[in-house]
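**Q** If you scroll down you'll find the structure; I have some questions about it.
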Amino acid sequence: MATRYFLGGTMKQICFCAASPFVSQDWNKNDEKLLQAVEFNDADRVSSLLLRKSLVPTKLDMEGKSAFHLCAMKGNVDCMEVMLAHGADALTTDGSGHTALHLSAKHGHPQCVSKLLQSSCHVDVADSQGRTALHHAAIHGSISCLEILCDFKASLNIKDQDGATPLMLAAKMNHSELCRYLLHRGAAVNARDQKGRTALMVACENGSVETVEALIHGGARVGLIDATGRDAAHYGAATGNALIQHYLQEAAQRHSWASEEQSPDLSSQASSSRQSLCKEKSNSPRKRKAPQPPTCNPNQGDREAYEEIARLRQERVEFLQKIRGLEQLQDKQKQEVEDLQNQLAETANEKENLKKELEVLRSRLSFCENEKENTSYDIETLQDEEGELLEFPATAELLSKKTLSASTEELLATLEGQIESLTQKNKKLMEKIQVLEKDEKDQSEVDTSGDFIPIILYDSLRSEFEKLKGQQLEAQELLKSLESNGTDGSPRKLVSAEAYEQLKDDYEKQITALKEALEKISLPDDQIRENRATENKAGSEPEGKSKFNPVTREEMEELMNELSETQKKYQAALAEVKILEEQIELGILSVEEKEATESSRTELETVKAALHQTREELKEQDQKMKDLEGLLRDQEERGAQNCSIKAYEEMKATLGASLDAVSQEKEVLLKRCTSAETELRELRATLKEERHEMLEGRSSVSQALQEETSKLREQLKAMTKQHEEVKAHVEELQEGREKLEEELQATKERLASQCVSRVDHEDMVEKLKTALSGAEKKLLEMKEKYTSTQTKLAELQKTTEAFRRESVPLAEHARAKEALEGTLWELKAKAKLLEQELKAKAQEASQLQAQLDEIRQGAVSKEAHEQLRVTSQAEIEALKAKLSDLGCKHERTCTEVFQVQREALFMKSEKHAAEAQLAAAEKQLQSLRAESERLQELHTHIEDSAKLVKEKDKKITELSKEVFKLKEALKDLSELSSGASPKGIFSSKTESELDVATFQRRIKDLEQQLIESERRHSNIISLYRGHLLYAIQGHMDEDVQRILFQILKMQSLQEQGR
């Protein structure tokens, strides 16, 4: 047998190794994801993977397992249902030849077993060893799976390759309850395996007392012999268990009693033949016969007692089964409680994550509000700057018209953009609403209980959509009123007829575009109705075609937020429409003025942007200067430690020179920036003067102004291009500086790690010099470009001055000059502030230079420097060691204090808990003592009853022997009486009468003793039964019952030891 098992195992391994490359060819990441989803019992993910990826759940991996077999092993019923619904074959085997039914019965999952059997899976499917699911359930002791398999009419006496039935395997694994259940369902008790052994032999070999008892009660024959000539008694004797031997002997005696009862008439026939012989021999007259002994069966009381004991044992086994079932239920409830606690922890974590997200969103909202405030502040500053220009009477009209025209165009553009964005968002919302309606219908088909929440959400969305529709109607009415106001208010202003008609056409086109956009927004209401009608039609189709796509609460909240945002945007659009009405009532501008104002405004914006960029570049250069100064200081400190004095002085000289050059360049750039600012101021003045000229002579000078503005635009474009080139060069310089900084950091790290050699130092100095020379070249190029731009600006200034002399009178020039003096004062104040900053930076540069001089003067020799460095390093290390020791001591003391406090708290809590536990333990001890006393009394009663039973058995045997002797004596007397002569009849008669009287008295005494022994036996059995019922039927606590069971086990162990 062992060789067969070894060969079978090796063949399986060979087959599996041969099949593994074919399996691993198709195995991919999606199959691994399916396995992970089954391990986590995620049925939704399993269904989505099977639908989307079209996976095969019975595909085997390298280890010979599949997702379907893993479901059976883990007991994941939901995942198994999904796989069976997607057409998984329930009869496929894994690498070891087991089907899903075998695995679920093996691991004790009754729900999976019932699901597989309901899906037309054959009950008696055998694996590679010839074992069915019933065999596996019997081996692993799963009584629930065994009950389900028996309900589905599994064959109880089927044998595996070794000829073992499920009953034999259950007896081998010491599952007494399974053996009783199988015997109750009709399993063959005396079935034999290939070695000729029965289930009783296997149970005796394994030393299981309960299984032996169950099999004997089930009708197992003790006298059967296996192939080696051994019976059950031989196997029981080999184990040395006294109880098993006792049960086997009782079974053998019962078998002998049954054989005696089958032939009860043999003794009666013999006695009748003897009596007939005596009658023939005796010719004397009839004599009185001796009374026959009472016909009583001496073994009847023992049988009744044995049956009652067996019944009580069966009741005890049933109660034990109930207790085990209750314990299993308790374990299941504990597992459910643990699962619920885990779910609560997960929900708490989700709540915390949601709180964090809310905090993040609030911070974003606050950040957006700050940005809005900043933008509003910038707008106010721009409005203030424009308000200074509005102080002039001539420019007021122009700027008012300019703002009107610009604001109307900008508002119209923003309105169109907002309407387009709103239409897109409306479309998205409508698509989401359609998805929600489909999901609600699917939910109504799948779950009738979950229909309420989506319907309420849909009603809220519907009401909000109707509100939006009402707001759209209001916007349409406002647009109509806007048209009427525009047509009525147009002739109030003094504008030419052609310009008026052109502007009117433009505004009518814009209004029609707005109407079309609003109509596009109002379209989705009809689309919703159409979609709902189509969905209602689709709902009448069979339910198999509908797919359930659940919508989460987060998506619903997103829809609500988007709807609120659309409402806000509609309100903003309505406000802007009102502003448009007011502006259109004020009047319509001419086309020429519009173009001129737009050009001037764009020029001002470009000039402001250029100024802002130059200031930012100056700030960046200042920051880079500060960074270079810090790097120089660090290099000086490290170079003093590692390099020689000469190299250190050379480095200082080169870096000082570079600093001087950079500071000079900075001063030059600042001067140029100031000059550029003055030029920009002059340009502003010229632009303002041009505006004044344009106001005075509209008809005559408009063409010249347009030509000049076009020229200025071209020149400004050229200037912007040059500025972009300069900016690109500045960025290149910045990149070069960043490279230098990286090189400096690399040198720092090298210097910190190890002393730098002189050759490396010289190489670094040469590299720095080359980098500085390259930077100086780039600066020279920048200077040249800047000079060229400056010359072009001078030329522009000349042209503007010539134009001003030709077109502007002196009086108006004086007025403009007076008006612009305020702005000049402000700019002068800004220039003073910049000069002060430059002075402060010059002072900082001088301080740095002084520090460099002091460092040069305070240079020390190399030996003294090294000695100082060594001593300082030693002191630093000693101080560090002291600090570390102090820190460790402080941490230790802190931890000790914390531990002491914690221990004190724990001691207090433990003290209270211990006191409570002591009180509870004392109560339990008192109750246990009382119960133990009762149990001891019961135990003593039980022992007394057992002793009385034994004494009764002895007395019964003695009485049966005496009765047998009496019978023999009576037979001898009858023979003697028949064989005696007639002469001695009288003497023998008197003697026989005396003997008969004595025997009758003896018989009466024996009968009374039997009656008393039977009465005592019945009393003892009733007492025993009452105590057992009182102990088992729930009148005691569970702890007391356990103690009673322990006492019974101890008694059985003592008997085994005897």
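We number each residue from 1, going along the chain as drawn.
Cβ atoms are placed via backbone N, Cα and C, with glycine included.
In TrEMBL, annotation is done automatically, which means it is predicted and not curated.
In case it's useful when we look at the structure, here is the feature table from TrEMBL:
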type     : residues : note
COILED   : 309-520  : coiled coil
COILED   : 549-1016 : coiled coil
COMPBIAS : 264-276  : compositional bias 'Low complexity'
COMPBIAS : 525-546  : compositional bias 'Basic and acidic residues'
REGION   : 255-302  : region 'Disordered'
REGION   : 525-548  : region 'Disordered'
REPEAT   : 63-95    : repeat 'ANK'
REPEAT   : 96-128   : repeat 'ANK'
REPEAT   : 129-161  : repeat 'ANK'
REPEAT   : 162-194  : repeat 'ANK'
REPEAT   : 195-227  : repeat 'ANK'
**Q** Can you work out which residues elsewhere in the same chain, 6+ from the ends of the repeat 'ANK' (63-95), have a Cβ less than 8 Å from its Cβ atoms?
**A** 16, 19-20, 23, 31, 34-35, 37-39, 41-43, 46-47, 50-51, 57, 101, 103-104, 107, 109, 111-112, 115-116, 119-122, 125, 127
**Q** Over the coiled coil (549-1016), what is the model's mean pLDDT?
**A** 68
**Q** Within the same chain, where does the repeat 'ANK' (162-194) have neighbours whose Cβ lies under 8 angstroms from its own Cβ atoms, ignoring anything closer than 6 residues to its ends? I mean 6 or more beyond.
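**A** Same-chain contacts beyond the flanks: 1, 134-135, 137-141, 143, 146-147, 150, 156, 200, 202-203, 206, 208, 210-211, 213-215, 218-221, 224, 226, 317, 321.
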**Q** Going by DSSP assignments with H, G and I as helix and E and B as strand, what are the residue counts for the repeat 'ANK' (96-128)?
**A** 16 helix, 0 strand, 17 coil
**Q** Under the DSSP assignment, what numbers of helix, strand and coil residues are found in the repeat 'ANK' (63-95)?
**A** 17 helix, 0 strand, 16 coil
**Q** Could you give me the DSSP helix, strand and coil counts for the repeat 'ANK' (129-161)?
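**A** Grouping H, G, I as helix and E, B as strand yields 17 helix, 0 strand, 16 coil.
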**Q** Could you break down the residues of the repeat 'ANK' (162-194) into DSSP helix, strand and coil, giving a count for each?
**A** 17 helix, 0 strand, 16 coil
